[in-house]
Amino acid sequence: MTILKIARMGHPVLLEKCEPVADPGAPEIRRLVQDMMETMEDAPGAGLAAPQVHVPLRLFVFRVLPSRTSGVPGDTVVGNTVLINPVVEPLGEEKHLRWEGCLSIPGLRAAVPRYRRVRYTGLDCDGRTVTAEVAGFHAGVVQHENDHLDGILYPTRMENFTLMGFNEELARADELAAQADAARARWNTGAEAAASR
């Protein structure tokens with residue numbers, strides 16, 4: 001197995017509409033899927049689409065670790081999974097903002113509107129149908145990876161670019177907000193104590 005080079009935003013392969021996979025069980029497809037899974041784990045990432053490794057075919061790999069689920073019904077844990085020639089359909093019109101990163105846009109995160117619930121169907125490398133109805137993080141990962149197959153990167157889905165930033169800056173902002181909340185709580189506790197005297 002091989003760690004593959006990941007295309008970064010600006011590379012034309014990330015803007016292509018990908019071609020269907022003719023034979024999901026072909027040796028070169030099996031090898032590609034194994035290499036993509038190893039690359040996803042090494043990165044580490046929650047998903048990786050074929051065009052991200054310079055192969056314009058309709059397939060992606062993904063996983064949902066227990067630490068990433070939101071607790072909403074349908075946000076299920078799943079090990080390394082491949083979807084070949086996937087179809088992703090929203091279940092309802094309701095969307096929510098979810099923070100996303102992308103291995104092709106390293107160092108940045110953004111709040112991206114995604115359908116809360118989706119149904120996906122695709123094939124594995126043995127030609128078996130893989131299908132599920134999912135929600136939360138699981139649904140978001142599948143929508144994000146499927147977008148890659150149509151040449152869509154998450155910034156084109158965004159509605160508010162103030163909800164985008166570098167990972168380090170967003171972490172620092174979260175830390176400062178937590179410190180401000182703690183100081184506010186201490187002040188409120190002190191003010192309440194003074195008022196009760």
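Cβ from N, Cα, C; glycine included.
The active site feature in TrEMBL is assigned to GLU145. Its Cβ placed at the centre, GLU145 (active site) has 25 other Cβ atoms within 10 Å.
All protein chains shown were included, and the count of other CB atoms within 10 Å of the CB of HIS144 (Fe cation binding site) stands at 24. Marked as Fe cation binding site by TrEMBL: CYS102, HIS144, HIS148.
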Review point. Around the Fe cation site recorded as CYS102, HIS144, HIS148, what other same-chain residues have a C-beta within 8 angstroms of the site's C-beta center?
Key: GLY47, ALA49, GLN52, GLU100, LEU103, SER104, GLU145, ASP147, LEU153, TYR154
Check your understanding: If you count Cβ atoms within 10 Å of the Cβ of HIS148 (Fe cation binding site), leaving out that atom itself, what do you get?
Key -> 25
Review point. Distance between CYS102 (Fe cation binding site) and GLU145 (active site) at the Cα atoms, whole Å?
Key: 9
